[in-house]
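See structure below.
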Amino acid sequence: MSGKNEKKKKGEIKKIVTDKSEGIRKIVTDKRKKKGRNARGAKKTRKGEKERDLIKNDRRKIEESEKKENVRERKGKKMNLKKRRNERKNGSIARGENEKRKSGKNGENARSVKGENVKNAKRKNGKFA
């Protein structure tokens with residue numbers, strides 16, 4: 001569509017400007033008052049609230065993303081420990097002389113144990129008293 005045919009609606013958000021210092025959006029609106037279902041005053045305040053909510057949401061998003069990053073780091077560390085533990089079980093990481101890979105069928109660290117065998121293995125190892 002050409003610029004001539006596009007008509008701006010009253011009170012429509014013109015553009016969203018990011019404040020460089022904080023990376024938070026500020027909204028620049030069309031200054032004409034919006035007439036609608038309610039009285040003008042009510043409409044105006046509601047518009048202000050919307051803008052405030054948007055800015056609040058931005059702040060919250062930034063905080064949440066920081067939290068997520070921290071959690072991700074912690075998860076990464078945990079995963080590395082888990083991976084190492086599993087690799088030790090598989091024997092792909094060399095272990096001490098007395099820690100050979102257990103490959104017994106019913107052992108606790110057996111590679112594939114199905115159904116009843118699992119319970120028996122656990123019972124043998126004192127998991128179920």
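Yeah, the Cβs are placed from backbone N, Cα and C, and that goes for glycine too.
Straight from TrEMBL, the features:
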- 1-12: compositional bias 'Basic residues' (COMPBIAS)
- 1-129: region 'Disordered' (REGION)
- 13-30: compositional bias 'Basic and acidic residues' (COMPBIAS)
- 31-47: compositional bias 'Basic residues' (COMPBIAS)
- 48-73: compositional bias 'Basic and acidic residues' (COMPBIAS)
- 74-87: compositional bias 'Basic residues' (COMPBIAS)
- 120-129: compositional bias 'Basic residues' (COMPBIAS)
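Taken residue by residue, the compositional bias 'Basic and acidic residues' (48-73) breaks down under DSSP into 26 helix, 0 strand, 0 coil.
Each residue of the compositional bias 'Basic residues' (74-87) gets a DSSP state, and the totals for helix, strand and coil are 14 helix, 0 strand, 0 coil.
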